[in-house]
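According to TrEMBL, the protein has these features:
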- 1-10: compositional bias 'Low complexity' (COMPBIAS)
- 1-31: region 'Disordered' (REGION)
- 16-30: compositional bias 'Basic and acidic residues' (COMPBIAS)
- 53-78: transmembrane segment (TRANSMEM)
- 54-339: domain 'ABC transmembrane type-1' (DOMAIN)
- 98-117: transmembrane segment (TRANSMEM)
- 175-192: transmembrane segment (TRANSMEM)
- 198-215: transmembrane segment (TRANSMEM)
- 307-324: transmembrane segment (TRANSMEM)
- 378-612: domain 'ABC transporter' (DOMAIN)
Amino acid sequence: MTTPTTSSPTTDEEDLPHTKDTGDPFDRDVLPTPPGATAALLRSLLAPMKARVALTTLLLLLQQAAVQAGPLLVAYAIDRAVPAFRADDHGPLVAVAVGYLVCALASGGLQYAFLIASARVNQDVLLDLRGRIFRHAQALSIDFHERYTSGRLISRSTTDVESLRELLSEGLQELVTVILSFLYISAMLLWLDLGLGAVAVASFVPLYLLVRVYRQRAGRVYRVRSTAIAAVIVKFVETMNGIRPVRAFRREAVNEAEFRVLNRRHERTNGDALLEMARYVVGSRLVANTAVAGIVLWGAYRVAGGSLELGVLAAAVLYLRRLYDPIDRLGMFLNSYQSAAASLEKIAGLLAQTPSVPEPSVPRELPARRSELPGREVVFDGVGFGYRTGGEVLPPFDLTLPAGQTVAVVGSTGAGKSTLAKLLARFYDPTAGRVLLDGVDLRDLAMAELRRGVVMVTQEAFLFSGTVAENIAIGRPDASREEIERAAKAIGAHEFISALPDGYDTDVRKRGGRISAGQRQLVAFARALLADPAVLILDEATSSLDIPGERAVQAAMATVLKGRTAVVIAHRLSTVEIADRVLVMEHGRIVEDGSPDRLIAGTGRFADLHRAWRDSLA
Ligand SMILES: Nc1ncnc2c1ncn2[C@@H]1O[C@H](COP(=O)(O)OP(=O)(O)OP(=O)(O)O)[C@@H](O)[C@H]1O
Ligand SMILES: [Mg+2]
């Protein structure tokens, strides 16, 4: 199963990964999260807002104090204020009523302040996190994107961030509330009556055990569930990304069957999670109700015997209800905690990835371009290469392309032409040797300078949302309209662009702005020309053009390639006619190297190819 790496409208076979997609987005094997990365991520997210986190905690602490004063006031009312009221002293009862009201108002106000403060913290954390995911994923090298599908990236920045949001917005508050009320209430109960307090505290032991068992079991279930939901998303995205081949090869039924399996698996794990939850809720209620029943029974016995005041018993029962109430919700919190922990771990794994093609720490500058020497010299010095997933693709070789030379690279499918080009554009670093641009190792060049110096146009010809003009100007955003049009004219794209509904201002993603594969290539070509690189690589860049279109580009090529070093990869040999030099590749090796005339006159592979091509034209 192959997986698309971009949401490109075409399916570029060449850039599809050759790794096997396990369909398991948790992917410990593909992307293990280094130990400690999750905690470090959490710390780095919260570090900038320490003060605000402290403030929110304080607000919650105060709010809990206000809430938990209630039963105490009830006890006071029953045992002191009501008897005083009977003795015509109204003061204490009024004080209790006022006190109750004040506590209620204070707790409401504090809760409001807390919700606003915590929402701000959460928003900033999530904003930061999603930004980091995008920035990081975009900065990672091509080979990462070949292993990690776009579906996975989407599920990282949607589902995973959302589950963190759930935790932060509800779960965390829940946990702190539960812990605080446990502390407050235990202290109150023990203070009110040591015996009753001790019984209540003793009931924590089975509850704690219950929570522990639940955490373990639910943890397992949630891990499986988060894998299952991500598999559903990956399948969905992949199918829709590849909707054209899906249609073309009538894969709908197969896809649907595969999707049904994944969808069912996800629902099943949901059912498992609910079952665990139900067991936990029933168990915790059982413990809680048994404890309350025991306390009521024992308390009533003691009240009858005169060793306990009725108000204290009433307060104890009220406290116990409040104590056990949030335990159901604690289960809920543990759920969101589990899935958020799994999500955070996956996000941390992604963020811990380092680009395999890193920016140099101390970049070197390219020597100034001497005007009498057009382009830049390219040297492959003992370069060897193999993709991460396979064996050696290019055995070590040396190759020098003098500045300004136009080199055609031909050879059969899979020979390694595109691989050579991608090494020159530094999409990958060679596994052996170095690629030099005017004597500077590509690894020592700042990415910005490299991208200015070396531009590669591929068959894919991806267009971004925006206008045609914007798409042409990508390599040089400050280009004037005149320069954009000049570039388009030079490669013969001006006519079709002018014929679009809004000409150069046509939005390529809107109705009427849809342009054909060949036209896309022309736009990509104009883009490369406008970027004016010292080294231009064309990898099947004209493969979608019709013969007149290619002829037009051919005619323009002489001007386009003048003043730069060019590597032209093409199956159609017409492209080769303008080359100064031809390289023939077979199985990763350069087997022929010479001027086109010399090679055609010879008896080698290129002579054969050329003869076959000429015959096909006749
Ligand atoms: N991203 C990748 N991961 C792993 N292997 C790859 C990758 N891209 C290409 N290969 C392998 O490297 C070899 C050379 O591929 P390359 O794309 O360079 O060939 P090519 O000469 O450009 O072929 P074509 O004419 O079909 O474009 C092939 O065997 C291919 O399977
Ligand atoms: Mg290729």
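In case you wondered, yes, glycine gets a Cβ from its N, Cα and C as well.
Values in this document were obtained by computation on a predicted structure and should not be read as measured data.
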Per-residue pLDDT averaged over the domain 'ABC transporter' (378-612), given as an integer: 88
Long-range Cβ neighbours of the transmembrane segment (98-117) (under 8 Å; 6 or more residues past either end): 52, 55-56, 59-60, 62-63, 66-67, 69-70, 73, 173
For the transmembrane segment (175-192), distant same-chain residues with Cβ under 8 A (at least six beyond the ends): 57, 60-61, 64-65, 67-68, 71-72, 75, 198, 200-201, 204, 312, 315-316, 319-320, 322-323, 326-327, 329-330, 333, 337
